[in-house]
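According to TrEMBL, the compositional bias 'Acidic residues' annotation covers 963-979. Positions annotated as domain 'Disease resistance R13L4/SHOC-2-like LRR' by TrEMBL: 244-347. Sequence annotations record features per position, and here TrEMBL assigns domain 'Gelsolin-like' to 510-590, 629-703, 758-827, 1180-1236. What TrEMBL records for 951-979 is region 'Disordered'.
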Amino acid sequence: MAATGVLPFIRGVDLSGNDFKGGYFPDHVKAMTSLRWLKLNRTGLCYLPEELSSLQKLEHLSVSHNNLTTLHGELSGLPCLRAIVARANSLKNSGVPDDIFQLDDLSVLDLSYNQLTECPRDLENAKNMLVLNLSHNSIDNIPNQLFINLTDLLYLDLSENKLESLPPQMRRLVHLQTLILNNNPLLHAQLRQLPAMTALQTLHLRNTQRTQSNLPTSLESLTNLADVDLACNELSRVPECLYTLSSLCRLNLSSNQISELSLCIDQWTQLETLNLSRNQLTSLPSAICKLTKLKKLYLNSNRLDFDGIPSGIGKLTSLEEFMAANNNLELIPESLCRCTKLKKLVLNKNRLVTLPEAVHFLTDVEILDVRENPNLVMPPKPVDKTSEWYNIDFSLQNQLRLAGASPATVAAAAAGSGTKDPTARKMRLRRRKDSAAQDDQAKQVLKGMSDVAQEKNKKLEENGDMKYTDPKTRRWDQSLEKPQLNYSEFFTEDVGQIPGVSVWQIENFVPTLVDEAFNGKFYEADCYIVLKTFLDDSSSLTWEIYYWIGQEATLDKKASAAIHAVNLRNYLGAQCRTIREEMGDESDEFSQVFDHEISYIEGGSASGFYTVEDAQYITRLYRVYGKKNIKLEPVTLKAASLDPRFVFLLDNGLEISVWRGTQATLSSTTKARLFAEKINKNERKGKAEITLLSQSQEPPEFWEVLGGRPEEIKANVPDDFQPAKPKLYKVGLGLGYLELPQINYKLSVEHQKRPKVDLLPEMRLLQSLLDTKAVYILDCWSDVFIWVGRKSPRLVRAAALKLGQELCSMLHRPRHAMVIRNLEGTECQVFKSKFKNWDDVLKVDYTRNAESVLQAKGLAGKVKKDAEKKDQMKADLTALFLPRQPPMALTEAEQLMEEWNEDLDGMEGFVLEGKKFARLPEEEFGHFHTQDCYVFLCRYWVPVEYEDEAEKKKTSGGKGDGEGGEEDEEEEQEEKQPEEDFQCIVYFWQGREASNMGWLTFTFSLQKKFESLFPGKLEVVRMTQQQENPKFLSHFKRKFIIHKGKRKSKDNNLQPSLYHVRTNGSALCTRCIQINTDSCLLNSEFCFILKVPFESTDNQGIVYTWVGRAADPEEAKLAEEIMNHMFDDSYSKQVINEGEEPENFFWVGIGGQKAYDEDADYMKYSRLFRCSNEKGYFSVSEKCSDFCQDDLADDDIMLLDNGREVYMWVGTQTSQVEIKLSLKACQVYIQHMRSKAAEHPRKLRLVRKGNEPHPFTRCFHAWGVFRKPPA
């Protein structure tokens, strides 16, 4: 046990998710004598631990989702116990002790999801019961005496049982607020008790066999009833008793037999959610338009058509969700598009022909689902009439700063933009000297400007306006421009907005908010800032700001207190002065702030200044696992920990080694290397040396760190290895107590609105969970991380460190487990890897637009800051500043190709012939035609995967509607991973000139056949020519040939044909494409294949492989192999070098000798960017290095950099706003490249679609006419 002394002060702790099977339970819990609440959910407990007997102050105990068969033991000896939550166990009636109901304070009992067959005995003795949950059991009867005593109940859940009747004594529950009776056979229960429950707010009667005859005639007395669920019953119309509910907010009538609605629904003036899905409605009454507070309307699976939706539905101004899937709608009323708050519009499985044009003005829509409407044609997007004036700072320095560049980079860009060219300066001086006439003209211009200024001043004097007559009368500091400062890093938004006193303590040059309980208590060696907020006589906020100097305070604290006191005044826009107060000499006004109760405490925090010392690093060994996002698992620092199937990372301070086992994948090695680079950059200041090691090639120093070289490296990681699920605790601190609750990150962040359980993705932590004002403990079993927010109180930090030590020693852990402290902003990479998409890149935002600048005059302080936040324009130019993607090395590409082909178990090809797909002969694999469609079925072996979580969720009980938001229960069960499995991927390839009929034919014929053969294991990937998947390309081993025309066309063999072999960025992306037979398309840095056909029967023709003088030797060898692969021995084949071409056949066959390019330097620099505002803001993104002509989007602006020019390509459907913003972005990019590569200055060129010059088109492989929209 760690001797920290904090255990007796812990008031609550959540130990859920730990493994307490087999009788193990931490002894540390005995020392938590002040414990008020304890959570032990999902810990595998089979019985209550004996240690609970020491917790005499325990009030709340939660032991849900365990294997408990009995609650007998220590509970009756806990006199303060108020709440027992034991849901989802294996409890029977014999396992529930009678004596717990004798506890005086017991008010909460949850025994749901157990095996009870009747109500627990003596339950009626718990007279103070407020919450009772007995749902999801097998109870068939409720004793009459139960509700005689339990009259104070507020919440009662009896759903998912076998109840056929309810005791009449339920009418005594006059305080009951929530009653849930779902899924009980209550056919003969008349529910006459309901009108007596006058406090009822929630009533759920889902699937209880409700009809018109077994509901009360009136519920008028239930004035508080706001939530009613009558789904899955046999109602033919809306019960009349519901119309009397004036406070109704949510009504669920789904899955009934309702065919019409009454006009009386306008009585529900407070209704916010109405679910009428799965009924027989043909129309909605016009009265529904009077429900002005309605936010969610669900009408799925009815019989509604266009006339069935009232035209006045646009009056529902609060509507956020409208769902009418699976109806007979051909159109929707245009007025529906006037519901400007609409976020979700679901219209799939209808008969829609089109939508109103106004649908484009629903700017808040997040989901628009119009699937399975085969005749739907989307309306054209209206002309963009956005204002053409923008207050956007496109300077290189500002855009680099917004993109997250370091201050040094920004400063270098500023210096680079202002550098002088001495040669150019001499030329200018020489021209100026030689042209005296120009000087005379310049003098005349200056004289004319001064004369105009004098005349203007005279007119101002005559008009009596003295504001500009004497500029010297203004003080020098009044003409200075004050920079915009951001104080939100130090002070929160609500500072000074509520009357009261706030105190900050200076710590490491930064003010840290002090808890209110410690106001008036000052450390002698510290400095403080005190803010008093009060209302003056006119009821407006007024402030007094003091900064208090301790007698033993260091210089850095004194200066920081004075500076931040002024910052606080500026932040608030206050007019008061900042007042200095010294220890022992405080003014009466300052003492009055704390009611003259000021006390001093010896000591204080350390100085912000520090001495430079050599950093001490702890040597650690990590196993790298995971596929998409790698994670690191610490292991014992021994050679025996190595496993040939994995990659390991050895962190030895300034020496980082990445060790790759013989069976480890290349992708894991690459990602581990990138991870090591991040560690070096962020934690070692770039001083560490990173070494890549392969198994059996390790240096002696590597084995010295691991304690010696082993005789053999064996697989030691279990096949069913699953990493421990991280647990995130938030440290709570109050007067005399500590709390350690867990954060349920599964539903708190990733799913703000509860989704269906079967759709939940794998949950991972998100950075947004961490609050800068708090301290967190992340328990990863092998490591315990303490994350300290920058604005967290000092006492919480100290308590968290001790709690982390206790938590580490409390549970069984490996010997190498450590407690690691992380300060916000300086987190280690291992800690970041536990979170999903933790990214250090700053978000990029535009400045305010011109209108908000004009409106913000005269505002100050926080009001001004809030005004500036409004109407901001978001944008992203980050892609312009990222370096060009380097080409992949040939060895690396070949290794990746080899790995993908090792996983390939088999491949079958099909080609569209007429209206059917015919099997493609294997000798034609790798040959494609621009007018054909191909299908390849690939079967892959799938290795054993180590998922983040091995738990699956399943729902218990009745499933909700998804859109109704009903409460579902979750249970977890483990699923064993198969040792080996397979997956099938169907690649559909469509040529540039092929129609869409191939895709439709495949969808309705071949795809269905494949899905029936491989259920659950099939993935379909659709590709178009030159936009292929790299994995698909790898299966043809760089022999990927694209011919013009159709596969069986005979015309292709009669004319000479020219093929261009080219690699884009990676050897994986090598293609041999037929181009126009024209010698001007040759290039000295590439290889070409020319076929010249003969009319002879014994010799079909001659084929040349033309090798440019600057071509890559490997590519020349590949071109010869492709030639031999393409043509059989009936052709004569020759390899010729540039300059050795035979006149008779080569130049004649290619159409005559013409001038052609002799270099391809553009291949080293070419980059393609896309400028678009389709996301709702202007953004620039880069296409991969393997781009093609079809990547030029007609409705966007494209930027092409070839090393000499930057072409701004404008599509035919581009808006004026995109053109203007893209032009500015292009200028920013040219300026940035000038500062980065001054030896290659770029020039700006404007290109319209269809008028592209040769320097533009040669950057694209096999440029041709633009593809028309396929039929």
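Note that Cβ sites are derived from N, Cα and C of the backbone, with glycine treated the same way.
It should be emphasised that the depicted structure is a prediction, and the values quoted were computed from it without experimental measurement.
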Taking the domain 'Gelsolin-like' (629-703) as the reference, which of 244-347, 510-590, 758-827, 1180-1236 gives the largest number of Cβ pairs under 8 angstroms?
758-827
Helix, strand and coil totals (DSSP H, G, I; E, B; other) for the domain 'Gelsolin-like' (629-703):
25 helix, 22 strand, 28 coil
Let's see if you can do this one: DSSP helix, strand and coil counts over the domain 'Gelsolin-like' (510-590), in that order.
24 helix, 30 strand, 27 coil
I'd like to know the mean pLDDT over the domain 'Disease resistance R13L4/SHOC-2-like LRR' (244-347).
91
For the domain 'Gelsolin-like' (758-827), the DSSP residue counts stand at 22 helix, 18 strand, 30 coil
